[in-house]
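Below you'll find the structure, written out as structure tokens, and then a few comments.
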Amino acid sequence: MTSIANENAAKKEKKSEAHPASHADLLLAALERAKNHDGVWMNEKGKENAAFLDSFKPITAFNNIMMNLQSDLEGFKTNLYSSYNKAKENDMPVMRGQTSLPFNWTKWEYQNVADHTDTISREEYNSLPDMEKTNYAIHANRQRHHVYNIDQTILSSSDAQRYSSLIKEKGPQIENFVSKLGTSSEQKTLQYVRLHEVKNPETVIMVKKDNFYEVFGEKAKVVSPIIGIASTEKDIAGEKVAHLSFPSYALDTVLPKVIRAGNRVAICDTVHEPKLGKQVIPATSILSKAYQTAENVAKSSGIKYERVMVLQDAKFDNKANTLTISGMSKKDGNEHVNAIMKANDIYRAVVATTGVDSRLDRSGRNNFLPDDDAKHEMLVRELTAGVMMARQGLPATFSQDSQKLIPYWERELRENRNLMGIIERDVNLALETIDNLAEKRKVNYEAIRGQLPSKDVLSSGKDYSISADLNRLPSMESKEMVVVLDRKQKTADIILPAGASLLVNNEVPGMNKTRIGIALKKEGVKMVSFYNAGGSLALKEPNSYYKDKEVTVSKLKQFTLLPLQTLDVASQAQEKKETKIEKFQAIQDSEGKYAFFIKPENEKSFSIYPMKEHLNAYFNVMGKDNKLQMHKALAQKYYDMAYRYPDAKQQLIMPNTDGIDMSRLEKVRICADKNDPKTKVVIATVDGERMQKPISKQQWYNLWLADDMDAYKRAVAAITFIPRINQSVQASLQPAQEREARTAAPQETPQKEEVQQEAKTHRGFHR
């Protein structure tokens, strides 16, 4: 029942769809940009969020991202878009040869249950008699429209005044965001000093910081002999800068000396922050919006919301069902930049609340291993939080941890053609859920989960050690590959360092797949399969697969494969004897999430996050006859998985002691409290002082799992007594600071006339 006019319009628009942009390429470009822009991946210039000109058509989270990313990549002045036909109707047609942006859309219609070609709109359905309505069922019709940025139309010439007004109102509002992103207070001060030294090269600029005044650069060397304080070299952002400081109470003595020596002096008590832009949202408003969103989502979800007055990252604790947000902001650096970074962090934690099994239950649905599932979850959090920032016209940034995952995400986007669809689904659902919760609308999680793919269950474990070993051998640098040849079946498997996909043009120089195929054809091979060294396109076959096969490390020379090394896999091709697992149990990490702890015989222990089904299986057999059998099977399964995928291994037992001075700890032990044996305590001597504090049950349990119990005890003591250790470090530094302060103190009683001169001194320029 679609009208002829609509059909003609659709055909007309279809002709305009030449050169569509690729969603995957846009996201890959954003990831590449983030690597070179300190994690900033979208809307760096602070343009108003993506929207349609003269239209209020809804925009999903995924489409929002793609519109912003194309605008960023192409350098468009706004994030305003229009369809081809709409632009023509508004006398601003799209220019020739423009790249369209695919806009994904789901049109909800009613479909005839007997004739699927018969579809009607909601309005038409509502007008039907009740008896006829039973012949139709609601149906989702997936469509792909094509849209264009207004910079791809003739608007700038056909209506220059309106175009200019749109740019002023909705165009870039932020300047030099990345340059201010990593600027410390010391860098900011040095920039301020150098800026004013250019204007007043003869002036000594003294900048106040806390209870000291500081002088930088060549002027520090000039002032040093005058006031009797040695200048030192200070590392500021990798640059060695001459520097000296003196206590603020000594200013009345230092200032006359510097002036009498013939210097002009400028005193700066406050270094003013350069603004990001004229119309940027105030920093307090940015944070207020983030706090309010987090609180509303938590309240609607039944999540405990905590504001703590400690500077820390926002965090959602699934076990405690608690969303913790820091009420403090970073003081060092630009106020606006800090607010934007903190808001990004808060929104990431808000998105995390939607993914747990009691809500959208994102994990285990995409045929990913647990470690890959966690990386995918990180991407969903980042992208969804990015939309929440872009809606306010603010830049979206990746966390430090996420920036380390960019190469992994890039590889997966290039190799897994289904990934963009998974990302679109998860991001759209996450933001739609957050919007509903923020507006206090009920979310039917059960209905949503019912529409998602069923959870994956890993196949029974086999020995994949040969495949795991072979995947480590290909080399991009030496152009070496692994060839697995089956002469009887006339087949060959080629393991490349990268570029195995036949669906995209990603040849590795010196490893051309066509030439490899020709070279193997000379040896009678009829079928060649290509694999990557690890990842979604890896060769994942059990050891028995390699029986009677020739395995070599080879190199391509023109149209010939030259074997460099023949690998003997015959002994391994027989089913490998199971590794004995000495310890296997479920433990909890610092966030209360369960992991399997595994201690293989003659190997180091490790932990690995299991799938929910396997975690349930672990606990369901407690107290039953098949407990040992089930736990043994799970232990072997996850040991094999960790062998095949080393990145899945986690170290959850030994606490992280980086940056802690362990030498201050002595006589460490963990034991039961003598007054309350049920309470376990850690006892240690810190700088000669005996200290004691209780530890958690999990820390006590982990003691008996640690590979090195003595090292574990010291690590627990270090993180438990870190405030006392840091206090000792500060105390040891205090005498040196006091000596420096005394050195700067006045050595002589100032004369009367000097005191009178100082009383007239004002804080500005002096001769």
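Here, residue 1 is simply the first one shown, and the rest follow in order.
From the backbone N, Cα and C atoms, a Cβ is placed for every residue, glycine too.
Positions annotated as compositional bias 'Basic and acidic residues' by TrEMBL: 9-22 (among others).
Here TrEMBL flags 750-761 (among others) as compositional bias 'Basic and acidic residues'.
Taken from TrEMBL, the feature domain 'N-terminal' covers 25-127. Mean pLDDT for the domain 'N-terminal' (25-127) in the predicted structure: 92.
Residues or ranges marked as domain 'DNA mismatch repair protein MutS-like N-terminal' by TrEMBL: 191-281.
Feature annotation from TrEMBL assigns region 'Disordered' to 1-22 (among others).
The annotation region 'Disordered' is assigned in TrEMBL to 733-767 (among others).
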Tally the residues of the domain 'N-terminal' (25-127) by DSSP class, grouping H, G and I as helix, E and B as strand, and everything else as coil.
37 helix, 24 strand, 42 coil
Based on DSSP, tally up the residues of the domain 'DNA mismatch repair protein MutS-like N-terminal' (191-281) by helix, strand and coil.
32 helix, 31 strand, 28 coil
